């Protein structure tokens, strides 16, 4: 009997439908039985099958069935329109809608199409269709209004005015007391930042549900009005966990940790069950404030009360919040334990663990996480690229940036570009940095704050201060990082007074300085010999801005005093330190002693450094150089023997420059470069010319007991001289020669380059381990104060 078979199949399909996603796949088996038995399904059964095929990701088959129906009814068409909506294809949904005769359309069909536009962020199309619906003679129902109001959520032109018009239409239609419609109106007013209209409508609502309370509280939170949010919250007559979470999230965003914990305790005392959002909000507050003990205590509570759920995939957000908590509190081992114990690791989990390892400098472990990720998003790539760049692995970072673009086909965001640009800064790869700058402009990221800050640093570290200044001036918005980068750039290039002027402008612009700002200002003062200005800034840091100086600030102050020859005052600063002085303090003192030839104090500083960082070659080299300068060769030999006994090896000095997009590296006495013969020949001729101009090799910088002629030959083979000579040979006439060195520039090379800049009529820029030197017309930007 056909009727019995139809009822039987309809019943089975209804059971499949009631089981939800698990039952949709079973519907295929029922359909297969129909085909085998020769049963031809009736319209209502076909509609049910198409609906379930759409929901079980068998959309192509659903469309095939639809196309085989001679005259599909409005229910079938609406089902397919809704499917196109969920698959993000409003274009095909509209084609199907337009093919549906107006005579068979109903409100549900229009609502489905309006919802499709709403879900795909096309508010203008949704509004137009809503108008067409009324023009075609249909009366919008409450679902129509809810759908079209939801379409106003994304920003569209004149959104608030359109919302007011729809509000009037809602009242006229008789839907003015429907809670879902009023909630949608309140939501749009909130998104328009029209909190007065939202609050007025909210207060007029007769029936308020969970969404009503949550929307208005979250609206005030979003608009930074926590007092109004709390007022509404306190007037709530129900204990709705979602509303509590919304209020709590506002306190979390503002860093009001005591209020967060106060609400948590009150929820507990009232017997309101915590949900995942409650836990993640409180854990985020602990992470932001680095409250390790509080966070660990909450973790213990979660383990005790949510033991069963913690082994399921329902609480992946809690695991992610715990990973973030532990790594921000510096507990990487605990973060890794949570990560390893999580039953489900999603993209957020992997990115959190990746950020943890990058943040603490464990790049090998970070790379292992990165390589093992089944999927990566822009954040994954950006964190890895930025981490490599900031840790000095510029070449690997740049390779990863290019891999992201070319092999993976991802369009880098401005943060990824910032990582790539910082990689160029690390490598001193000016031309590659300029290419990335051009791409930034072409992609419309030139107004990005992060990319702009990276450009300032890149140009400054590549020796092009004017371009760094231009990048700073072109930024539409500046933050403290921008000012810090520009002040640091000026200081490194020897423009201490300009750096101080920028600092004063920064204060006039009401940008609050941070600890990094004062580090850059103190460094600028140190490089330029601005002792009084440096002292004043150091005092203002605590007295005016409440920033306690760290060891790095004291090291800058000691360096400032030592460079100016105020070694006794530097000693007094060290003796008065509120903590035991570390290596940076003694290194600053030792450098000052070398500069002003205070042997006794140098030995004292070196002894402290031998205790603190016995593996650092710089201490041994500096002390040996001082002994050599004073002709105490026995002590030189003793220091070198101490190095050998301790297994300390001297870091070889090397210099490099970029010529035609290729980096050329030189070591002292280099013989590896393919054009070495031509370089030495050019250098000999150049030294003869500058010798006639008054240059005399300063053999005191040769730390070996040998004849003067041998010393002069050794000086001529210094890596920075070889690099400058190659630049003069290969770069176009008039182009600046930019050389970078891993160690401090030799004093003899510094003197030689002054003469070379005048002889060759070229600008020579040398960046050593401390600062930049710009040689022009026989003078250096440092004014010989270095």
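Quick reminder: no glycine exception, Cβ is built from N, Cα and C everywhere.
A TrEMBL annotation is a machine prediction, not a hand-curated record.
Per TrEMBL, the features are:
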type: REPEAT; residues: 106-140; note: repeat 'PPR'
type: REPEAT; residues: 209-239; note: repeat 'PPR'
type: REPEAT; residues: 240-274; note: repeat 'PPR'
type: REPEAT; residues: 346-380; note: repeat 'PPR'
type: REPEAT; residues: 479-513; note: repeat 'PPR'
type: REPEAT; residues: 616-650; note: repeat 'PPR'
type: DOMAIN; residues: 694-786; note: domain 'DYW'
Under 8 Å Cβ-Cβ from the repeat 'PPR' (240-274), and at least six residues away from its ends along the same chain, one finds 210, 213-214, 217-218, 220-221, 226, 229-230, 233, 281-282, 284-286, 288-289, 291, 294
Sequence-distant contacts of the repeat 'PPR' (479-513), meaning Cβ under 8 Å and at least 6 residues beyond its ends, amount to 449, 452-453, 456-457, 459-461, 465, 468-469, 472, 520-521, 523-525, 527-530, 533, 537, 545, 547, 767, 771-774, 781-783
Same-chain residues at least 6 beyond the ends of the repeat 'PPR' (346-380) with CB under 8 Å of its CB atoms are 316-317, 319-320, 323-324, 326-328, 330, 332, 335-336, 339, 386-388, 391, 393, 408, 410, 412-413, 415-416
What DSSP reports for the repeat 'PPR' (209-239) is 22 helix, 0 strand, 9 coil
Within the same chain, the residues 6 or more beyond the ends of the repeat 'PPR' (209-239) and with Cβ under 8 Å of it are 179, 182-183, 186-187, 189-190, 193, 195, 198-199, 202, 246-247, 249-251, 253-254, 256, 270, 272
The mean pLDDT across the repeat 'PPR' (479-513) is 95
What DSSP reports for the domain 'DYW' (694-786) is 38 helix, 16 strand, 39 coil
